[in-house]
Each structure stands twice: as C-alpha cells, then as structure tokens.
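Colleague: The following block contains the structure, expressed as structure tokens.
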C-alpha cells in the first residue's frame with residue numbers, strides 16, 4: 001500500500017485532470033475550424049506571395065450541426081485562464097478569410113503564448129504535431145542598401161572621346177595608337193600628366209636608324225623638349241617628330257620645308273655633232289659617221305641593200321629598211337598588241353594601233 005500511495009495520484013488530482021481534458025477537446029474544436037486563417041511566421045515578404053495555411057476540420061459531419069458558427073472564444077478570457085509568456089514585438093492580427101460565416105478577428109497564436117516551450121494548455125495535445133507556422137518569427141536580416149556611386153566633381157565628369165584616327169594618333173586629348181585601353185587626357189592637362197602611364201609599345205627608333213645609316217649625328221631643330229612633354233604626347237607623335245627632324249637635318253632644311261625633287265633619269269653629256277653633210281643646200285650634222293653615210297645615199301641615190309626574195313628587185317639605202325621589207329615576204333610580225341590579238345611587222349604600226357585603245 002505504501003508503494004501504491006507513492007505511485008498513484010489522488011482522486012482530486014484525477015478529477016481536475018478530467019476537466020482539463022474536456023477543456024483541451026473544446027479548444028481543439030475551436031482551433032481546427034473550417035475557416036482559412038493567415039498563420040504566417042512573420043511579416044509578409046514583399047518579394048513573395050503570402051503564406052496561407054488551410055486547416056480543415058477532422059470532426060465528423062454530425063458535429064457540424066451542433067457547432068454554432070456565430071460563437072467565438074473571448075480572447076481576454078482565454079488569456080486569463082491560460083497565461084503564457086508573450087514575446088515582445090509579435091502583436092499582429094490574424095484575419096479569417098472571407099467565407100459563409102461572419103468575419104471575426106483573433107489574436108495570432110504567437111500572442112496567445114509560447115506553445116512550443118512555455119507552460120500552456122496547447123503544449124500537451126498539440127506538441128506532437130509540427131506546425132512551422134506556430135513557431136516564433138525569426139528576425140529577418142536587413143536588406144543591403146543599394147550602392148550609390150559618389151557624385152563626381154563638375155570638372156571630373158568623363159567626356160566622350162572620338163574614335164582613333166591616323167591624324168590624331170598620339171595627340172594630346174586623344175588616344176594612344178594601337179591600344180586596347182584608351183587613356184584620354186584632359187585638354188588643359190599640364191605636362192607630365194600622363195607620364196605615369198607606361199608606353200603601350202616601344203616607339204620606332206627613327207633617330208637611331210638615321211644615325212647608323214648615314215653615320216651622322218641627328219641634329220635637333222630648336223630646343224630639346226622635356227621628357228614629361230614627350231610622354232604626354234605619346235609614342236606615335238614622338239617617333240614621327242624625331243623622323244622628320246632627322247630627315248630635315250640631313251637635307252639642311254627646316255622641318256616645314258620639303259626637300260627638292262630629283263629626277264630619276266640622269267642626263268648624259270650631249271655628243272658634239274662632228275660629222276656634217278657637204279652637199280649643197282644641206283647642212284645636217286651627225287655624231288656618227290655611219291649615220292652621215294646613210295644620209296649621203298639619199299643625195300647620191302645609192303641603194304646597196306637589195307632584196308633576195310625570188311622575183312623581187314627592191315633595193316634600199318639602209319639595212320633596217322631592207323629588214324622591214326623582207327618581213328612582208330615571210331609574214332613575220334614580231335610586234336603584238338597586248339590588248340587584242342593583232343600583230344604588226346613594224347613598231348611604228350603598233351604604236352599607231354595602240355592609240356585606238358586609248
């Protein structure tokens with residue numbers, strides 16, 4: 001008996017427990033209603049849809065007639081009979097979805113008590129069911145503020161630069177030639193502003209080339225520009241100026257003066273006409289004696305060059321005339337037109353024909 005008294009509870013305790021179970025059953029009937037309630041764990045997410053949990057009653061259809069849809073529990077009475085630890089900052093209203101019954105507002109389950117861990121009525125019968133919507137809302141981390149670039153000063157606003165051209169290659173305010181990254185310079189930038197940027201490619205050494213080729217020191221026209229100014233101009237402009245200075249220095253002219261043009265044909269000294277025709281009324285002179293002999297044949301009528309073709313008695317004073325005549329018999333035409341298939345036996349005939357193609 002002593003062991004039974006220590007194990008079994010008293011009759012008064014069992015009586016109180018029976019009333020407690022009846023109250024739990026009534027609470028479950030009220031809680032599991034056919035209405036759709038918004039039991040979201042926290043404030044609605046602006047980027048996503050609101051969470052709605054539809055709880056359907058598991059009571060048999062016979063008990064629906066006994067329930068009064070107009071009755072509702074008094075929240076003050078419920079909080080008085082079943083106190084619980086209320087977490088601060090969770091006072092929110094839970095509105096029933098529109099249905100056939102009247103619309104009423106109740107306190108959310110978070111304001112009725114901490115059902116998951118605090119002492120309350122719902123801990124026992126509802127503790128076995130895992131409802132994520134009854135848990136306390138977890139604090140949401142603050143959203144990162146959008147990045148706002150600092151306002152630029154009025155003088156530092158970037159300006160659109162024109163595309164690269166040969167005429168502006170390496171000039172101040174333009175772009176470096178043959179470069180993937182454009183480094184524009186301000187129009188009023190002082191000398192040496194771009195000296196920190198390395199050369200994108202080695203500049204052609206025109207000055208050294210002229211020194212090695214001619215064996216002379218390249219003279220400088222005027223004063224020497226400072227290195228910072230050369231870096232600001234860019235490699236293309238520096239190389240061009242050095243090359244122009246070297247060429248002008250070798251010619252003894254200023255950089256702006258073009259060197260005089262030289263003819264490719266060298267004029268040979270003119271031969272003196274030492275051979276003069278002695279026929280009366282003819283004073284022609286020739287540099288060669290053979291030319292004078294051919295000319296005298298026109299006065300004397302001598303024709304030493306006769307045609308050897310059978311049946312041809314033509315005779316000529318010059319050998320080249322006999323050669324052209326002989327081509328008439330053979331049909332040889334060495335002078336061909338490059339624009340058409342025609343050919344000629346004489347060069348002067350080909351020259352006249354080429355004028356027709358012009």
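Cβ atoms are placed via backbone N, Cα and C, with glycine included.
Taken from Swiss-Prot, the feature phosphothreonine covers 23, and the record attributes it to a curator's inference. Annotated region 'Disordered' per Swiss-Prot: 35-69, in sequence order. Marked as SUMO cross-link by Swiss-Prot: 56. Here Swiss-Prot flags 71-79 as motif '9aaTAD'. Annotation comment: Swiss-Prot describes 178 as omega-N-methylarginine. Per Swiss-Prot, the feature N6-acetyllysine maps to 270, 284. Annotation comment: Swiss-Prot describes 275-299, 305-329, 335-357 as zinc finger, evidence class sequence analysis.
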Colleague: For the C-alpha pair, I'd like the distance in angstrom between residue 284 (N6-acetyllysine) and residue 270 (N6-acetyllysine), rounded off.
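Modeller: Distance (Cα to Cα, whole Å): 17 Å.
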Colleague: Looking at the modified residues 270, 284, which sits with the largest number of other Cβ atoms within 10 Å of its Cβ?
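Modeller: It comes out as 284.
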Colleague: So what's the average pLDDT for the zinc finger (275-299)?
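Modeller: Residues in the zinc finger (275-299) carry a mean pLDDT of 89 in this prediction.
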Colleague: For residue 270 (N6-acetyllysine), which of the three DSSP-derived states applies: helix, strand, or coil?
Modeller: coil
Colleague: Please list, for the zinc finger (335-357), how many residues fall into helix, strand and coil according to DSSP.
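Modeller: Breakdown, helix to coil: 11 helix, 4 strand, 8 coil.
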Colleague: Looking only at the zinc finger (275-299), how are its residues distributed among DSSP helix, strand and coil?
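Modeller: For the zinc finger (275-299), the helix, strand and coil counts are 11 helix, 4 strand, 10 coil.
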Colleague: For the zinc finger (305-329), what does DSSP give as the number of helix, strand and coil residues?
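Modeller: When I sort the residues of the zinc finger (305-329) into the three classes, I find 11 helix, 4 strand, 10 coil.
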